[in-house]
Amino acid sequence: MNSLPADMENALTGSQSSRASLRDVHSINPTQLMARIESYEGREKKGISDVRRTFCLFVTFDLLFVTLLWIIELNVNGGIENTLEKEVVQYDFYSSYFDIFLLAVFRFKVLILAYAVCRLRHWWAIALTTAVTSAFLLAKVILSKLFSQGAFGYVLPIISFILAWIETWFLDFKVLPQEAEEENRLLIVQDASERAALIPGCLSDGQFYSPPESEAGSEEAEEKQDSEKPLLEL
């Protein structure tokens, strides 16, 4: 027998997993369903998920780390005041590191605005910052004379390039998929709770409690037996 195509197998496995998740949710009693819904709603009220907050912390670390390296470079090359005036006031694309620092500030502002303030759920902002960073650093390395200025000519461009791509990987493979999964779980739990409220079988054990026979019933049975005794004697 010919094997099924890959897309049909993926569809079958996806439907089976969704059915399994629905069965797991329906197997939970209404109290647990309400507890899960409240926990998911509590996460939504926080406004920002834990994984997104970690991403924003890493973006902040990117800015602080590049700033620290740039300040160290200013101290190494003749003092902060003299080197700062040389790199900022007398800026030269071929020999200054100030533009690499501005590039880190650009990444920080765009990513924090997009993913912390606006809570964007798309990859276009990180794609913009990574593309601009990669293009600028490649042009800087090819055209400038950074390699002739010591170790920082290698360290700052390489560190900025690596941090930008780590941010892209973290957002694309961690933040967005995990938030989408949490949203799907919330929808499944809400749907299951609505269905459980409409199903008559989802009742508590107390509603199926049957009281014991009343004493009146036993008295009626004794009266019937007494009335049948004379007939039997005749």
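For all residues, glycine too, the Cβ spot is worked out from N, Cα and C.
Caution: TrEMBL annotation is automatic and unverified by curators.
Record features, source TrEMBL:
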type: COMPBIAS; residues: 224-234; note: compositional bias 'Basic and acidic residues'
type: DOMAIN; residues: 48-218; note: domain 'MENTAL'
type: REGION; residues: 1-22; note: region 'Disordered'
type: REGION; residues: 205-234; note: region 'Disordered'
type: TRANSMEM; residues: 55-76; note: transmembrane segment
type: TRANSMEM; residues: 96-116; note: transmembrane segment
type: TRANSMEM; residues: 123-143; note: transmembrane segment
type: TRANSMEM; residues: 149-166; note: transmembrane segment
Going through 55-76, 123-143, 149-166 one by one, which has the most CB pairs that fall under 8 Å from the transmembrane segment (96-116)?
-> 55-76
Across the domain 'MENTAL' (48-218), average pLDDT on the 0 to 100 scale | 86
